[in-house]
Amino acid sequence: MFTSTGSNGFYKAPLSKSLLLVPSAISILLTLLFQHYQKFFAYNLQAVKEDFQIWRLVCGRTICLDLKDTFCSSLLIYNFRIFERRYGSRKFSSFLLGAWMLSALFDLLLVEITQYIFGITINSLPSGFLGPVFALFVPFYSSIPRVQVTQVLGHFSITNKSLVYILGLQLLTSGSYIWILALSGLISGICYNSSILKVHRILCVPRWVAKIFSWTLEPVFSSAEPTNEVRVGMGATVDIQRQQRMELLDRQIMMSQVAQMRRQRQQQGGMINWNRLFPPLRHRQNANYQDHPSEQGIPPPTEVSEEQVARLMEMGFSRGDALEALRASNNDLNVATNFLLQH
């Protein structure tokens with residue numbers, strides 16, 4: 001699902017681009033030039049609990065002071081940018097905000113539980129935007145398909161998700177107490193995605209805030225639309241070529257998912273009909289439906305949920321395309337989203 005490399009890799013993902021560039025730049029500056037300011041970004045739990053320095057929960061949980069953590073978390077944010085493309089910047093930022101706030105609470109709880117059970121006093125934790133990064137593994141595990149790429153020694157499968165899990169494992173083992181951040185991040189991601197707890201309805205970014213950031217920050221961090229065909233120059237490295245092949249494979253996986261869903265719906269007698277969907281989306285201005293006689297046996301148009309239309313419009317699609325996609329997919333938001341992302 002990674003559509004390109006370089007700056008075009010952040011097409012329709014300005015928030016992911018800003019989270020990668022800004023904290024990484026500050027982390028490098030603090031490490032190389034302004035070491036005496038690092039104390040203000042330390043995630044000091046003792047100062048939070050005893051001196052009520054609540055501001056440390058913000059500074060200490062935003063900027064990494066370890067360059068290894070900065071590098072690994074930046075690569076993970078780059079790989080997780082697909083969620084901003086799929087769900088839209090507002091929903092993506094709401095997930096990050098909710099995971100960030102929940103993980104702060106779970107950090108304190110896990111530290112107290114560790115001290116109560118094992119007698120280990122933890123005064124500080126690794127700094128950085130690590131809780132939300134680990135929380136993104138929850139939708140990554142549940143919504144991104146796993147496809148085998150190759151096998152090692154004939155038994156161990158290498159999939160399109162293996163590299164991301166390896167990066168997460170590297171980040172997990174980079175510090176002594178980073179497992180607390182990882183566990184609190186995973187718990188917060190599960191809680192936020194839970195349809196029972198309804199946390200996403202409470203911890204979300206208001207529309208007016210999203211519009212302000214869209215007007216101010218999106219022009220700065222927006223990226224150009226990638227070309228349909230990826231060309232690799234003669235001087236390109238083997239790693240870049242391999243990455244581009246993987247991105248092409250991910251696009252093919254997405255289309256195969258849509259085809260599989262179509263077959264399942266047709267077998268179950270569903271109303272999905274992509275032949276009815278293709279013309280209005282590709283040739284909306286040229287199509288004239290009244291000239292074509294109606295086919296017998298086609299059921300009446302499906303009633304479309306306005307909430308799902310609004311969610312698709314938040315991702316950047318027009319209302320007309322959103323309505324057509326939802327009608328053709330029988331109000332299946334995932335199928336409609338997958339198709340619109342590919343056309």
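One-based numbering along the chain as shown.
Any Cβ shown, glycine's included, is placed from N, Cα and C.
What TrEMBL says about a protein is an automatic prediction, not a curated fact.
Per TrEMBL, transmembrane segment is recorded for 20-37 (among others).
Here TrEMBL flags 95-118 (among others) as transmembrane segment.
According to TrEMBL, the transmembrane segment annotation covers 124-142 (among others).
Here the transmembrane segment (163-187) has long-range neighbours at 66, 68-69, 72-73, 75-76, 79, 99, 102-103, 106-107, 109-111, 114, 122, 125-126, 130-135, 137-138, 140, meaning same-chain residues at least 6 beyond its ends whose C-beta is under 8 angstroms from one of its own. The annotation transmembrane segment is assigned in TrEMBL to 163-187 (among others).
Residues annotated as region 'Disordered' in TrEMBL: 286-305.
Within the domain 'UBA' (303-343), the DSSP-based counts of helix, strand and coil residues read 29 helix, 0 strand, 12 coil. The domain 'UBA' annotation in TrEMBL covers 303-343.
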Beyond the flanks of the transmembrane segment (95-118) by at least 6 residues, Cβ under 8 Å: 15, 19, 45, 48-49, 57, 61, 83, 87, 125, 129, 131-132, 134-136, 139, 180-181, 183-185, 187-189, 191-192, 199-200, 203-205
For the transmembrane segment (20-37), distant same-chain residues with Cβ under 8 A (at least six beyond the ends): 62-65, 67, 70, 74, 77-78, 128-129, 221
